[in-house]
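To start, the structure under review is shown below, and the notes come after it.
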Amino acid sequence: MLDAAIDLLRGKRIAVLTGAGISTDSGIPDYRGEGAPARTPMVFETFRSSEAARRRYWAGSHLGWRRFTSVHPNDGHRALALLEEAGLITGIATQNVDDLHERAGSSNVTHVHGQMHTVSCLQCGTTFDRHRIADEIERLNPWIVIPDQVRLQPDGDVEIDASHEFQVPPCPVCGGVLKPDVVFFGETVPPKVFAEARDIIAAGSAVLVAGSSLVVNSGTRLLEVARRAAVPIVIVNRGETRWDARAAIRVEGGTSESLTTIADALVAPF
């Protein structure tokens with residue numbers, strides 16, 4: 001099926017949608033793949049209303065983010081960067097909150113679910129670099145030890161039993177509640193962000209889905225844009241997806257190997 005996918009994509013303007021499966025080879029697990037860790041993601045209303053919940057979340061998120069920044073792009077990320085360099089893709093709409101696409105060399109990337117590297121205040125709306133907030137967390141909690149090995153979650157979190165002594169820094173501007181710029185369960189994707197992702201998909205004459213089970217509605221809404229325009233969809237994923245029956249071609253397998261093969265075949269003539 002990989003050869004058929006290459007034949008379909010050749011000569012097309014390819015819009016790319018990626019999910020957690022593209023980052024598993026970098027050491028970040030996905031939510032639903034084989035061996036995925038069981039977890040209960042933070043719900044926005046719980047985070048907003050409960051100081052104890054914010055302490056638990058920030059304790060785990062801080063440890064996870066420090067490890068998150070140490071992982072590296074894999075061959076799948078690099079293959080998509082190569083396709084962009086060759087002018088073959090319209091951009092990448094990713095459901096991931098990591099920055100591995102950018103670090104691999106991709107520039108036209110829209111993070112549908114936000115990203116971990118900035119933090120905003122829920123009261124005044126000021127945005128801060130995550131490093132600044134991380135340094136303040138460690139100043140307030142000097143007892144924190146960042147382990148060399150922690151089990152990351154797809155959103156950069158770590159499941160830990162947080163101490164009741166953990167202190168969460170307030171907003172440096174107004175003293176309000178700080179939250180990483182990721183979309184929590186119970187939140188909606190900002191309209192401007194979704195519009196950017198929709199434009200990436202709408203500009204394609206083919207869509208390549210890499211590493212997404214397409215369970216989350218944001219991904220299926222984007223694919224509806226392609227379906228309504230009769231644009232063919234190629235899915236590369238380990239395991240079934242919700243859109244397998246609607247895909248023109250379904251490739252079972254890892255994204256690192258498959259995307260590398262696709263990029264090599266499509267870029268080679270140039």
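Just so you know, glycine gets a Cβ as well, placed from its N, Cα and C.
TrEMBL annotations:
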type	residues	note
ACT_SITE	H113	active site, proton acceptor
BINDING	C121, C124, C171, C174	Zn(2+) binding site
DOMAIN	1-270	domain 'Deacetylase sirtuin-type'
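Projection of TrEMBL feature records onto the structure.
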residue: H113; record: active site, proton acceptor; contacts (Cβ under 8 Å, 6+ apart): Q95, N96, V97, V182, V183, V189, V216, S218
residue: C121; record: Zn(2+) binding site; contacts (Cβ under 8 Å, 6+ apart): T127, F128, C171, V173, C174, G176, V177, L178, K179
residue: C124; record: Zn(2+) binding site; contacts (Cβ under 8 Å, 6+ apart): C171, V173, C174, G176
Listed binding-site residues (C171, C174), ranked by Cβ neighbours within 10 Å, top entry: C171
Env. residues of Zn(2+) site, Cβ within 8 Å of mean position of C121, C124, C171, C174 Cβ: L122, Q123, G125, T126, P170, P172, V173, G175, G176, L178
Rounded mean pLDDT for the residues that make up the domain 'Deacetylase sirtuin-type' (1-270): 90
